Amino acid sequence: MLSKLLRLGEGRMVKRLKKVADYVGTLSDDVEKLTDAELRAKTDEFKRRLADQKNPETLDDLLPEAFAVAREAAWRVLDQRPFDVQVMGAAALHLGNVAEMKTGEGKTLTCVLPAYLNALAGNGVHIVTVNDYLAKRDSEWMGRVHRFLGLQVGVILATMTPDERRVAYNADITYGTNNEFGFDYLRDNMAHSLDDLVQRGHHYAIVDEVDSILIDEARTPLIISGPADGASNWYTEFARLAPLMEKDVHYEVDLRKRTVGVHEKGVEFVEDQLGIDNLYEAANSPLVSYLNNALKAKELFSRDKDYIVRDGEVLIVDEFTGRVLIGRRYNEGMHQAIEAKEHVEIKAENQTLATITLQNYFRLYDKLAGMTGTAQTEAAELHEIYKLGVVSIPTNMPMIREDQSDLIYKTEEAKYIAVVDDVAERYAKGQPVLIGTTSVERSEYLSRQFTKRRIPHNVLNAKYHEQEATIIAVAGRRGGVTVATNMAGRGTDIVLGGNVDFLTDQRLRERGLDPVETPEEYEAAWHSELPIVKEEASKEAKEVIEAGGLYVLGTERHESRRIDNQLRGRSGRQGDPGESRFYLSLGDELMRRFNGAALETLLTRLNLPDDVPIEAKMVTRAIKSAQTQVEQQNFEVRKNVLKYDEVMNQQRKVIYAERRRILEGENLKDQALDMVRDVITAYVDGATGEGYAEDWDLDALWTALKTLYPVGITADSLTRKDHEFERDDLTREELLEALLKDAERAYAAREAELEEIAGEGAMRQLERNVLLNVIDRKWREHLYEMDYLKEGIGLRAMAQRDPLVEYQREGYDMFMAMLDGMKEESVGFLFNVTVEAVPAPPVAPAAEPAELAEFAAAAAAAAQQRSAVDGGARERAPSALRAKGVASESPALTYSGPAEDGSAQVQRNGGGAHKTPAGVPAGASRRERREAARRQGRGAKPPKSVKKR
């Protein structure tokens, strides 16, 4: 319903865009008369008109002229003139919409116009692609147009240094992947100097394949992590146990929810294997996460589908695009469990240093736009989360592709036999075929079948993605057979007869020419070589059209309709003929997860042979229903991720804003002194409370204060008069005033001391280093504790409480406690850290000086003393300035190596025998003791693992 409501004004928007395109067209004659130099000079003219103080123009005012200039430049440089529908798409992008343009309609060229227009403002434009190859290709290819018009173009690649990134971001237009933009944002907020920053703001972004990045990728947060302690031997031990456990006997699996649940027999089996009495006892509870991960690795993560193993390393495969996600790792120990399952090196677990979801990263931009061939199915989500409207841009030529109905077979074997027969028939008549699969395993199986039938073919999957552009560029040639995993975001059009631009570029590169390194020679050779390639490709394209155009064959329905539509959309581009069909079986994952039993019953009643397919509306409805259910589930997951991350997002904004103030502040003395006052005020409040002066324990207060700074006054000097106690005369305000003056005196003395040791400005440098180190360390600890809070917050629903509300409330309390802890530790470090006048290496973002660590230990010890100052009130109210942590209640577990029978032995550091829960007889059974432990809620904090970057 919401999608329909959102489309009500679409017709008016399309008419508005059509008027813009028509007006741009009326300017073409005047622009065509300009020389190259005059056309290039238009850029400076536009910039002057924007900056005019008396009569400034807006980007909207310049749109028609700027679009006309960019359109003419594209024609002169690329021999490609954007069609009117592309100008309409460009206008939609400038207005901050998602332009839905079918495959082959020229989204890459469309992007040139709004990028040029918005770059005139001088704030930078980010063009976001799905991989490094497309970012580099588009920056070179479309960058030729921008450079012709006098703009600078940069590209962000994974291998670049910070200096190279900074140069790229300072360009007028910057290409890069969503991951690189996001990680650079996180790294900038871990920098210890303004000189280390690379980005310069978030003003305007155009996201290519916007549905893939903003929808599919939204469930996966970007995480920068560092090493953490972990017990890799437990992963190995549970990888040994998992194959010994039987499904539906020891555990159950829910494929729809992608969860596993351990039965009572499974728990007893594990306890017997490990030689422990109670798996759910506090000391053993970390083992539960190892068990769950091992079972998930066994049942829910398949090799050559969800991941591949290359050179002894487990690499994740993107379920939507089929690409390898280099540098990505599953979190919560899942990646280590898979490594143990595959018997490869188990890499250390990691701790989160910085994180953000793509949803919240892209909401940083002042203006956001996107392009894709399939957006209407996700229009409601794009509007709800990103406030983006979706505009369907008409095709330049009518679509004449024939989409055949699905064929459903009883078995996978029968389905693949039919697929190979169909492809062989098409190959024989010279028709190019694109076969879409959902996994690496399936693509390689089909490849073997084609080899047996002696059908030449190319395979494009996660193992061969480096050859992606070459394979796709020739996939439309006569007799071409291409087996590929999911085609989402491939970026290179399948052109009948071959991709002319790609083939021309390939020939020029073979001659040693490069559009960036040798631009003049490249441009000259391009214009001479292009007509030759065009003629060759045109002749072959006619033969392909006579054979029926590109035939797209899907071997399985994806859980997302968009992915199916994107696969189909590879055929029938620009009015070309084409055909598509999906071959399905009851063994397909989607069919098994939803309504598979009903379909199997239908086929059984029809009594059809395995090799005879059916075509029925019931099947089509069942598939659509299944896909809709999955899409709705995924939408709910993404909304839930966003709701919880919104809590962290507000906290992240506060911390990052504070870091930036520290980085930019030339003199942090006032801020440091404010912290000193806040900390001492909190200490005094905790010591005085609401009682009378004679009830105050000033000795405990002084003991606590001495852990922070060298106190120069004594309690006696305030409370004694003529050697007699006069506590009734001392007020809380007098006590606080005296201590604040003393602290300011001590701070001035500390500054003089440092200047004598290290010269002028030493205290200012120490302030910056201390504040940055403390804020980074406390934020890192806070991320860990917030993750831990979120892991168990769902259990609050059992107490009739809203988990999200509880997460918001407790997260706020923890955040405020962290801010108080930052102040307290910063003050202690400023007064106590040792400073020497020797050159020091740059401080790494996650590093912490040894002196700070030593003081942190001392401060922790002093915290216990301070808790007695107010008779334990600090334990009840977290308003005092100290960090609030979530500590494990159980001894640490270590791995002592396997016993003679190969089982793992549990040792407890400093622990003894298992303790029987209170209220349980000594002779109680294992099950009774375990249930008692569960009821008492005795649980320990499980080991934490995060994604690695």
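Note: Cβ is positioned from N, Cα and C throughout, glycine not excepted.
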Given Swiss-Prot lists Gly104, Glu105, Gly106, Lys107, Thr108, Asp493 for ATP, the same-site residue among Gln86, Gln506: Gln86
Reduced DSSP assignment, Gly106 (ATP binding site): coil
Cβ-centroid neighbourhood (8 Å) of the ATP site, Gln86, Gly104, Glu105, Gly106, Lys107, Thr108, Asp493 excluded: Met101, Thr103, Leu109, Thr110
Lowest local Cβ density (other Cβ within 10 Å) among binding-site residues: Glu105, Asp493: Asp493
Binding-site residues (Gln86, Thr108), the one with most neighbouring Cβ atoms at 10 Å: Gln86
Under 8 Å by Cβ from Gly106 (ATP binding site), same chain, sequence gap 6 or more: Gln80, Pro82, Phe83, Gln86
Under 8 Å by Cβ from Gly104 (ATP binding site), same chain, sequence gap 6 or more: Asp493, Val495, Gly569, Gly572, Arg573, Gln574, Asp576
